[in-house]
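J.: Let me begin by handing over the structure; questions about it come next.
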Amino acid sequence: MVYFGDRQRDRNRDRSNQKVERIIHDEEFGEENVELVDSEWADFEKFICQLRKRRNSAMSMEEELRHVQRHPKIKSHAFYPCPPPAENARDSDSSDDDDPIGYIDTLMYGRYTKDLGEFAKDEARKLKILEKRRKQEDKQRNKELLGKHSTRAKRVSSWIWRHTVARLGEDWVFLALLGIIMALLSFIMDKGISICTNARIWLYRDLTSQPFVQYIAWVSLPVCLILFSAGFVHLIAPQSIGSGIPEMKTILRGVQLKEYLTFKTLVAKVIGLTATLGSGMPLGKEGPFVHIASIVAQLLSKLVTSFQGIYENESRNSEMLAAACAVGVGACFAAPVGGVLFSIEVTTTYFAVRNYWRGFFAAVCGATVFRLLAVWFQNADTVRALFLTNFTTEFPFDPQELFVFALIGLVCGLGGASYVWVHRRYVLFMRSNKRMNKFLQKNRFLYPGFLALLVSSISFPLGTGQFLAGELSTHEQVTQLFSNFTWSRDDLTVEQAAVVTHWMTSYTSVFGNLVIYTLFTFVVSIIASTIPVPSGMFIPVFKIGAGFGRLVGEFMAVTFPHGVRYGGRLSPIMPGGYAVVGAAAFSGSVTHTVSVAVIIFEMTGQITHVVPVMIAVLVANAVAALLQPSIYDSIILIKKLPYLPDLLPSSSGMYSIFVEDFMVRDVKYIWHGISYQKLKEVLKLNKTLRSLPLVDSPDNMILLGSVQRYELIKMIEKHIGREKRMEVAQKWQKEAQERALEEEKKKQEVELKMRRPSRFEVLPAPDILSLRQIANDEMLPPKKRAETMHGSLAPRKSILKKTNSFNLKTYAQPMGHSPSITPYTTITGNSEFRIRSAFEAIFKKSTTLQDVQPDPETGSLSPAASNHEVEVPRTPSTPGVSKKVQLPAQSNWDFVTDQIMLQVNPISTESNKMPAEKDFTDKALSNNGDSSKQSPSIKFKANKVADVNRSPQTAKRCSKIRFANEVGVNGSPTRTKCKIKPENVLGYSIEDVDETTNPESLAESIQKPKSVRLPRERVIDMSPEDQKQWELEEMLKPIDLQKANVHIDPSPFQLVERTSILKVHSLFSMVGINHAYVTKIGRLVGVVGLKELRKAIEDINSNSFVPPTRDEDADEKPAVEKPLLSTNSSDKAVDMTVTSMDSALSNSENCSDIEMEHIKHTDKGTVSLTMPPQESKQSPSADKSNTENGNHA
C-alpha cells in the first residue's frame, strides 16, 4: 500500500508539472491548439498506463520459460556441487532485462516491481512442472530406445527354450502349437454355434400350440445375438468387423495396419463370430478364421521373441503369417491341402516356396486335431469328412455331361461377377446417402437389429421359411444338397422322403424351392455382409453354388430319367455331383481361386468328380476375372486399403512410364560429418521415417547406404544421454575439487609467506568468553571436568619459528570442530577457537539437562545388569534431536566405556579411576530403573568372563566399538548399527537397535535383531543451466559414424531413374520391399514407395496418368534437389536443442519427444534468441509418401 501511495503521489506531481508547462505553452502559442494538445497528451498517458500495467503483470508460464531459456543466469552452486570448467560465465547483472524480479534503480533507493514471494512460488511451480515433464518424457524415450529389458523370468524361459524346444526344432514346435490352438478354437466355436442354433430350434418346436410365441422365439434370439455381437465388437475392437482376408492380404504385402493383430481383436473376433453364426444369419467363418489364425501366430511370435530373438525378424514374421492363413482354412473345414493352396491364392501374389512346408505342417496339425476332437467329444465313429458323400465310383459321370459341367461353370462365372458387382454397388449406395449414413452412425444398433429381424422373419418356418428349408442349419442344408439320390423321384425311402420334405411344399415343387433358396441366399448374404460384425463370405457363396448345381442336376435327372447313354451303357444322373460342381464353380468365381476344387474334395471325402469340378472352376474363374475383381479385392477397393494392384494387360503405358515420373524428389537424408543438431532436426521433422539414406555430402549426393532410425536415436542418446552426462559431471566435480585444493594450498603458502615469526608468546587476556567457559566447565560431569582441567593446565603454545634451538612439545589433539592449531596461530585464530569452544560448552550443557517432567521410573538400570548385560545409551549426534533425555548422556557413555574396560582389565581400570568417577559409577550401579525407556541403547551380553590378566593390546582391541549413524536422504535418522570387531575374544553379541524414542518399539527392537539399510548414494548431476550449455556445445560437434559404431546398410534397394513401371511393380511384388531409392549415376535423386507406385498403377489402369514435365536444365545440374538443410548454413546458426529427456529444459507442450530451441551464437560467444525459420512447404503427396515409407521401412 505504501508502494502504491508513493507511485500515486509521483504521478500527481508529474501531472501538475505537465499542466503548468501546458499553460505556459498556451500563452506563447495561443489557445487554439489547447484541445488538440490535451487529446494527444491523454492518448500518451493512456499508452503509458497500459505499458506500466503490462510491465507489472506477471508473465505466464510459457513466457517465463522462454525468458529463462533465452537469458541463462549465472550457474548455481548451492544444490549442484559441480561447476563447469569454463570460468567466463555470464553475469546475471550484466543487463537490466536479465533481472527476473523487476528491480528498478531510482534516485535514492532501488525498487522491486514484483513480489518476491510470488516470484518464488512461480519458480517452484515451474520447477515442479518441468520435473514432471522430464519424468514423462524419460519414460517415453526409454520405451523407444532402451527396448525390452531382460528379466530373470525371461532368462529362465530362454534357457528352457534353448534346451528343450530348440533342440527339437523351433519352427516345428511353433507351427504344431499354432495348429493345435486353432483346432481348439474352431471346435469350441462350433460347439457354441450349435448350442445357439439348437436352442433356437428347440424353442420353435416346443411352442407348437402358439404360432405367435413361436415367431417371437424364432426372431428374438437372432436379434439379441446380432445386437450383442455388434455392440461387443464396436466397444472392444472395431478392426475385427468383416472377413479379415483383405486386411491380411494387405498386411502380407508389407503394409502395417494398426490394431489388426492384437489380443483385443482376437477376443472380439472369436466372441463376435460365435454370436453372429449362432444367430443363423447367412454368413460364413472361413475369412474370420484366417484372421484369427494370423493373430494367434503374431501373439505366439511375440511370446517366443521374448526369449528367442530369431522371431524378431520381419521376414520370419511374414512367413509365420502366411502359414497361419493356411491353418485358418485347414482348421475351419478340416482341409489342410486345400487350405494351404487357398491361402496362397487369396493372400499373396508371389509366394516363396520355402514356406510350403510350414503351411502344410501347421494345416495338417490343425485339421487332424479338429477331426480328433469331433471323435472324442461329439460321438463320431471315426475321422470323417465334413460333408461326407457316397457317390458311385464306377461311373460317376459320362463324357457328355462334361459339356453341362462347363455350362455350369459359365453361369457360375457370370453369377459370381454379378455377386461382386451387386455387393460393391450396395455398399457404395449406403455410403453415398449421407443423410442415412449419418443417421445410422448415430443409431448404431438400428441397422443390425433391423436386418436381423428382417432375415429371421423371412426364414420363419411357418411363413416364407418353408420355401427356404428354414428349419435346417447350414451344415444340414449343405449335406442334403450333396445327397446322391434324385429328389423328384417317386420311389423314395422313408429317410429320403424326410429329406425331401424340407425342400418341397404343397404349393411348390423341388425346383421352385431350389430357385427361391438360391435367390434368397444370393440377396440376403449380400445385405447381411454389410452388418458391422465379424463374418465371412465363403459359406454363403458355397451354398448358392450348391443350390444352383442341385437345380441343374434335378433338371438333368428329369430330362434323362434313365441316364445318359455312352458306349452302349446308361449312366444314371447324380444330382449331388452337380451340386458339388456348382458349389466349387460359384465359390471359385467369387474368390478368383482354383484351390476351392481341392477344398471340395477334402470336404466331401471323394474325388470322383475331379474332372468336372476342375473344368467348371476354370471356366468360372476365366469368366469372372474378365468382368470383376474378386470379392476380397473389391473389399480392398471399398475400404481403400493400401494394396498394390496389378497392371492390366491392355495398359499401353506400362513400358513408356518410368520411375522418375512418379517418384518423390524431396528426399530426407543424412551425410558424413553432419552435426548432432542437424541430425536431430531431421529425425524430429520426419518422425515416421524408419530409415534414412546416407550420402557422402549434400553437394555430391552419392548414395552410400541407409541407417535405421533406431540406430541414429541410440547414437544421440549415447552422446548426450544420462550416462554421458553423469560421467562429465563427475569429471567436473573432480576438477573442481582439484582446483579448490590447489587454491587452498596456494592460499596457505601466501599466508605463511606474509606472516613474520616472533620471539614472543601471544596470550589472550581474560574476557567474558573465558569466564563463560569456566562456568560451563563446572556444569560438566567429573570426568569431562577433569579432562578440561587437564587441558587448561597444558603449557601454552609458542608462536616462535621452529629451529634447532627450540624443541616444541607434543600438543593435544584439537576438537573435531576447532581449527588446526599450529605454531603460527594468531590471536584471531585463538579467538575463533574460544568462540567455538563456548558454543560447544552450551551444546554439552543442553545434553545434560533433565526433563521438565521426568519419568518416575527414570534412573534405574535395567534388570539385565544383574546378568552381566549392559545397556549403552546413545548420545544424540545433534543437540535437540532427541526429544527426551532422562540420564546424562555423556556420563552414561563414560560409564559404559568404563564397564567394558572393567571387564577387560578390571584391576587396571579401577586403579586408574578418579574418586569422583568411582562415586558416580557406584551411584549409577545402584539404580534399578529401566534405562531402555530413556534413550536409544545398545545391549551387550557377556556370554563368558574374560581373563583378568589380558594384554593391553587385547584390551584395546576389544574395546573398539564402531557406531554407524545412517542418515537418510532428507537428513532423517534411519537405523544405528553397533558391533565389536570379529577378533573380540570376550564373546559379546551386539544387537542392532532402531534409533527412536518410543519405548514399545525399543523393547521390540532389543529383543529382535534388525537389518541395516544403507543410505542412498548421492547422485551428482549438472544444474539445468549447466546441462543446457553442455548439451548445446555437444550438439554442435560433427558425427563420426565409424567411431559411433552405427550399423549402416551398405546396399539398400536402388532403382535407376529410367526403370519402367512394369519392372518396378514386379520387383516390389516379388521381393516384398516397401520403398526403394532412385539414383542417377550413383547420386540420390528420389525415393519411391508403395503409395506412389499404387497411385501410378491406378492412374495407368484408368488411362488418367499424366507424367510431369521434365526440366532439361535440371538434369544437367549435379545436385537435383536442395538438401533438407542448406549447405551454406553453419553449425553455429542452426536450431539448438536439449536432447536428453531427463533434462529440466527439454520439456514443451508443443513437442512430444525432442524439444528444440532456436538460438544463434555470435562472435563474442554470447547467446541471443532468434525466431525459428519457417519450414519448407512440401506437397501433400510428398508428406504422405514419406509417412507411408517410414511406416513400412
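Placed from the backbone N, Cα and C atoms, the Cβ positions cover glycine too.
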J.: Per Swiss-Prot, what member of Ser243, Ser279, Ser294 joins Phe538, Tyr632 in binding chloride at one site?
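T.: Candidate listed by Swiss-Prot for the same site: Ser243.
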J.: Which range, 9-13, 94-98, 284-288, does Swiss-Prot list as motif 'Selectivity filter part_2'?
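T.: Motif 'Selectivity filter part_2', as annotated by Swiss-Prot, spans 284-288.
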J.: Which listed range (245-252, 576-590, 593-604, 605-609) shows the maximal number of Cβ pairs under 8 Å with respect to the intramembrane segment (320-332)?
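T.: Result: 245-252.
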J.: What is the number of other Cβ atoms found within 10 Å of the Cβ of Phe538 (chloride binding site)?
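T.: Taking every protein chain into account, the count is 28.
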J.: What other residues of the same chain, not counting Ser243, Phe538, Tyr632, have a CB atom within 8 A of the CB centroid of the chloride site?
T.: Gly244, Ile245, Pro246, Gly284, Glu286, Gly287, Val290, Val346, Gly536, Met537, Thr591, Ile631, Ile635
J.: If you count every Cβ pair below 8 Å, which range out of 286-304, 356-373, 402-430, 439-458, 610-626 shares the most with the transmembrane segment (169-204)?
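T.: Between the candidates 286-304, 356-373, 402-430, 439-458, 610-626, the best contact partner of the transmembrane segment (169-204) is 356-373.
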J.: State the residues, same chain only, that lie 6 or more residues beyond the ends of the transmembrane segment (402-430) and have a CB under 8 A from a CB inside it; answer 'none' if no residue qualifies.
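T.: Cβ under 8 Å, 6 or more out: 436-437, 522, 526-527, 529-530, 541, 544-545, 548-549, 552, 556, 578, 581-582, 585-586, 588-590, 611-612, 615-624, 627-631, 634, 637-638.
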J.: Express the predicted model's confidence over the topological domain 'Cytoplasmic' (1-168) as a mean pLDDT, rounded to an integer.
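T.: Average per-residue pLDDT within the topological domain 'Cytoplasmic' (1-168): 58.
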J.: Which bits of the chain, at least 6 residues beyond where the transmembrane segment (610-626) starts or stops, bring a Cβ under 8 A of a Cβ in it?
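T.: For the transmembrane segment (610-626), the nonlocal Cβ contacts are 397, 401-402, 405-406, 408-410, 412-414, 416-417, 420, 577, 580-582, 584-586, 588-590, 592-594, 596-597, 600-601.
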J.: In the same chain, who gets a Cβ under 8 Å from the transmembrane segment (439-458) while lying at least 6 residues past its ends?
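T.: Same-chain contacts beyond the ends: 215, 218-219, 222-223, 225-227, 229-231, 234, 279-282, 464-465, 468, 520, 524, 527-528, 531-533.
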J.: I need to check the long-range neighbours of the intramembrane segment (605-609): which residues 6 or more away from its ends have a CB within less than 8 Å of a CB in the stretch?
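T.: 384-385, 388-393, 396-397, 577, 580-581.
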